[in-house]
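Structure first, commentary second.
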């Protein structure tokens, strides 16, 4: 009864008002799974291709009718009659039919929407929650944990129209006893930060991921105002709350000059100098995780960064690894970073995403489940984080319903699972156990 009898796709809007693909997968027993593909702003050059129409007369060229047509045509034809419980088989049928390394025939946005909708339909057919079905197909049935959130409360870089070069300044409520309380810690600090910024006469407008996006004198000032907000909310920095950053350094790397150019504060660095700049920040503040601290192609620089800080803090590869097992394996073999950011649409299917998480864990890396800056109300990443016991999730700030949808789903899951999904706090972060 879990055979696929129909697949439908449509163009819907993401949180930036750009089109994306939503797919419905209908099974013989009447189960229907629906899923939307997210979209990134600061993207790695090796990511799977997000297929856009390029027709400037519609949505400024960002329409996805070609990807929708791929779902409603060849993908649907290939999957009718297949068993939705056979996730890997279905994903590989789509990958093989596409026939390209980067999914450029159908688009990763088309393949991913169907892949996730299949998983949702299968879970409904089995009458189990999505996180339980994900754990089953991951080969880890019944093994769950609640993730420590990385809450992006100050936005810069490609996620905001301000002068802050580093893209994300995040808090992690590592001292909370459970996820529900972690969310409360974060929300209270978010509101305290709004008052701190307002009292300084700074903007409290928010960026793509719901964090505040003020103009600041330096990137370090972002950490200073967060420190003030943590104290104002009644929490202890370094004990209750730790800090994390996503530099998205590829966005301010000058490839021709081989320089990291922090235009917002008028500073330029070589690769090694920028590593020491970051290390200095970790000595001033309890920063326990740095993501994409260098350009995605600066592997020598990443080797230096890992030697410099990799035994003390979590060094996360996002643009560096793009959820791709081939690239991740190279990083593992060469001692590059110690953690991977996991984004469904960088690789384009649930099966390949699970493979990347497994490879990371087997190598002693951590895996941080992540949203994209262009999101929808789809909360699948919440179930992915719990169902793979990944331990950490990055899904934005404490406002914008496209972000809060994931937090609310995690609240529901924690309530359902009770003590079966522990919240382990600091020990989930590489170098902090």
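From the backbone N, Cα and C atoms, a Cβ is placed for every residue, glycine too.
Cross-referencing 167, 279, 284 against the (2R)-2-phosphoglycerate binding annotation in Swiss-Prot, which names 343, 372, 373, 394, picks out 167.
Of the residues proposed, 208, 215, 318, 319, the one Swiss-Prot records at the same Mg(2+) site as 246, 291 is 318. The 10 Å shell around the Cβ of residue 343 (active site, proton acceptor) contains 26 further Cβ atoms across the protein chains shown. When the recorded positions 343, 373, 394 are compared by Cα distance to residue 246 (Mg(2+) binding site), the shortest distance belongs to 394. Residue 246 (Mg(2+) binding site) carries a strand DSSP state (E or B). Classification of residue 373 ((2R)-2-phosphoglycerate binding site) by DSSP places it in coil, neither helical nor stranded. A sphere of 10 angstroms centred on the C-beta of residue 318 (Mg(2+) binding site) encloses 29 other C-beta atoms.
For residue 318 (Mg(2+) binding site) paired with residue 343 (active site, proton acceptor), the C-alpha to C-alpha distance reads 8 Å.
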